[in-house]
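This report refers to the structure that appears directly beneath it.
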């Protein structure tokens, strides 16, 4: 009996191995992809590993990001003896394999015996361009998606058994998630919403599990925010007002999600309509559970998380300015949305007459194959494009062959000065030279910081021409205010000095 239980997951294990291979293919040339965020995480992990301090390469406490992902990288550093940049690909391979295996295990539970359906779901996960991008970079989303799957398992077990131990485990997972990504408050929101609307439980009996779950789940986030305020006076670092409205964010949401089906949208109205339709799919699924017929405990947990997370990203992007809605931000919603769009095939269709089933199943399979082929072509094109230079970012050949980067590496004495050094890519300066203390050129939005910069009597400036960040003061504007002296200049950038 036990052997048969394990054997039924052999196919899921094979898909998990395939997920590892997929990440390996996208990281085998130059290793893990590294972005500015990755440098922040890595530098903090190194400081935790070396000195136990939660400081970034800037010499300041990390507050823009929660503390757990760099802590996780530091733990991996201790266990493996390998720097996060070296171990990053292996870490992501294991995390993606874990996500894939848990997705297969959950699918097997709410769709027992539906092998073909499970294979389609797992293939869709491995072929998804968003996942393949996220899991080929050193990003906190890699761990958060894994945590979200663990949360679905733990909270689903609580709904099944009504065992307080599972509720506490789910709350602890949510708590750790909140100090991995601030967006993990959606795990708390999803759990709280299910507990509040739970059918068959008297209203007065709902408060104890809600309080138990909520207080535990929010605890680490509160501790992280209090710590941030004590060390910097800010809760989550400086934040700017959003420049994108609600409709624009809904359009971005619809555009990104349809791209996961291999469809490119250029019409914003169509994208908004699709975004609302997808939202309604999740709303209808949740309403069906609470008011018509209960869905599987894992499934309702996933659908509720998908809805809360999607709404959170759109609304927070409407009020606060950060990275534009893209594959990376929306990747955590992919599996819940995939289940929400397809679960009716194994829940509702089997109840229909034979001729209806034999009409729907072939059409569904044909659609899945068509989308799968499209996604494979998209993934292969990305692989082919990156085969010769690696993942876009600081580990690709463009940066490795940079003349400015080469100069920074060969002149460590340049950084021994007490004069302030600024750059439009201070993370790149640290990543390639290993030197700390470089400051970021101020954002145009923060007027006081801009004036403080221009009032500097003496500073050095490292400028990378290939990086254009419209939020920073442009080099042209700096030249108009200050007479810059050239120290070194290359095709891809230069080093300058200003002295009043």
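Each residue, glycine too, has its Cβ placed from N, Cα and C.
As given in TrEMBL:
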TRANSMEM  6-26  transmembrane segment
TRANSMEM  86-107  transmembrane segment
TRANSMEM  119-137  transmembrane segment
TRANSMEM  143-159  transmembrane segment
TRANSMEM  166-197  transmembrane segment
TRANSMEM  209-226  transmembrane segment
TRANSMEM  269-291  transmembrane segment
TRANSMEM  297-317  transmembrane segment
TRANSMEM  329-349  transmembrane segment
TRANSMEM  355-376  transmembrane segment
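By the Cβ criterion (distance under 8 Å, sequence gap of 6 or more), the transmembrane segment (269-291) is not counted as touching the transmembrane segment (86-107), fewer than 3 such pairs being found. Proximity of distant same-chain residues to the transmembrane segment (119-137), defined by a Cβ-Cβ separation under 8 Å and at least 6 residues beyond the stretch ends, is recorded for 11-12, 15, 18-19, 22-23, 26-27, 32-35, 38, 89, 92-93, 95-96, 99-100, 103-104, 107, 145, 256, 259-260, 327-328, 330-331, 334-335, 338-339, 342, 365, 368, 371-372, 375-376, 378-379, 382, 391, 393. Between the transmembrane segment (143-159) and the transmembrane segment (6-26), the number of CB pairs under 8 angstroms, six or more residues apart, is fewer than three, so the stretches are not in contact. Residues 9, 11-13, 15-20, 22-24, 27-28, 31-32, 73, 76-77, 80, 114, 117-118, 121-122, 125-126, 131, 135-138, 142-143, 145-146, 149-150, 152-153, 156, 298-299, 302, 335, 339 of the same chain sit 6 or more residues outside the transmembrane segment (86-107) yet have a Cβ under 8 Å from a Cβ within it.
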